[in-house]
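S.K.: Okay, handing you the structure first.
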């Protein structure tokens, strides 16, 4: 993957008819690196507030908010309702969540030096208990369920028993009770990263008050789609095509990617590389425990690249590349790559990386090369987000 920061957009206006588009926000997985998209969302929300008033919230402008793992936590926090059916948290509060709570979530490891690791493996235990994260989620969400979200939220998971992806989203949860999980359960599931947290087992009644329940055995959504952009797009298109979308009255037909306005946020691509001779010296344990967890990083990087490339090509083929914006920093190093490095120094470094990303020139993936290419028209990702905010406000007002 390129080591440069990336985005996918153009300096021109987005395509399509205002009021006739589906707006999608997608947020990658990445542990504590979730603070990077949180900083980007904070900037976007401030732009929305300047254009549309201080009460503007991210969830007011996106029809679908999808997230994997840490991105799933962000998606849930942005779309969960308060007592007045307004978004529970601002983007700034989401950023503060990481700065204030990450250390607690990734505390009291069961042991991760070599001796303790061997003992932990022999006892078949992950690195962390879910207790602290669960306590935080219960406090934040209480008994809120997926169907309660203020806009369509989509959280990715993978069921170890059925060997199939499981998606928790508001549209389905409102129609099929077995998918209407508590937000705390859906969040524990999407963030149950193998080796870090235990798989999450819970039940949801097939019908309200029914004795029989659907049982789930779920792990981190990164096993399914660490970059959930494509899943979110297909979700939106599917609902429109099947006539199940809440937007069918204003969008009876899906005409193509001009009908989509997509913002995709990454948590950082790692810049280090390994030679074959280096990797051939690693033990089975080294692949998981070396700084930065190489095997996990390789899986995440390759998944994020393929999704970004595929989505970028689809928009470019239809001549609407302006409608797709991807922000991703390529400055992740061995220290900041770790999913669980919640030290104050590292969290501050991640915030600085996010601010640096906002100041860099936008890039998108070229259809022929697959490499990142500079986008003419915008001097920085900040400017790209400012334009994106204008398009979102335009879309919202056109529906009124």
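Cβ atoms are placed via backbone N, Cα and C, with glycine included.
What TrEMBL records for 69 is active site, nucleophile. The active site, proton acceptor annotation in TrEMBL covers 220. The domain 'PNPLA' annotation in TrEMBL covers 25-233. The motif 'GXGXXG' annotation in TrEMBL covers 29-34. If you look up TrEMBL, you'll see 67-71 marked as motif 'GXSXG'.
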S.K.: Show which residues of the chain containing residue 69 (active site, nucleophile), separated from it by at least 6 in sequence, have their CB under 8 Å from its CB.
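M.R.: Within the chain, residue 69 (active site, nucleophile) has Cβ neighbours under 8 Å at 28, 29, 30, 31, 190, 191, 193, 220, 221, 222, 226.
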S.K.: Taking only the residues in the domain 'PNPLA' (25-233), give me the average pLDDT of this model.
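M.R.: Across the residues of the domain 'PNPLA' (25-233) the model's pLDDT averages 93 on the 0 to 100 scale.
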S.K.: What is the total of other Cβ atoms whose distance to the Cβ of residue 220 (active site, proton acceptor) is within 10 Å?
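M.R.: I get 29 for this one.
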S.K.: Count up the helix, strand and coil residues in the motif 'GXSXG' (67-71) according to DSSP, in that order.
M.R.: 2 helix, 2 strand, 1 coil
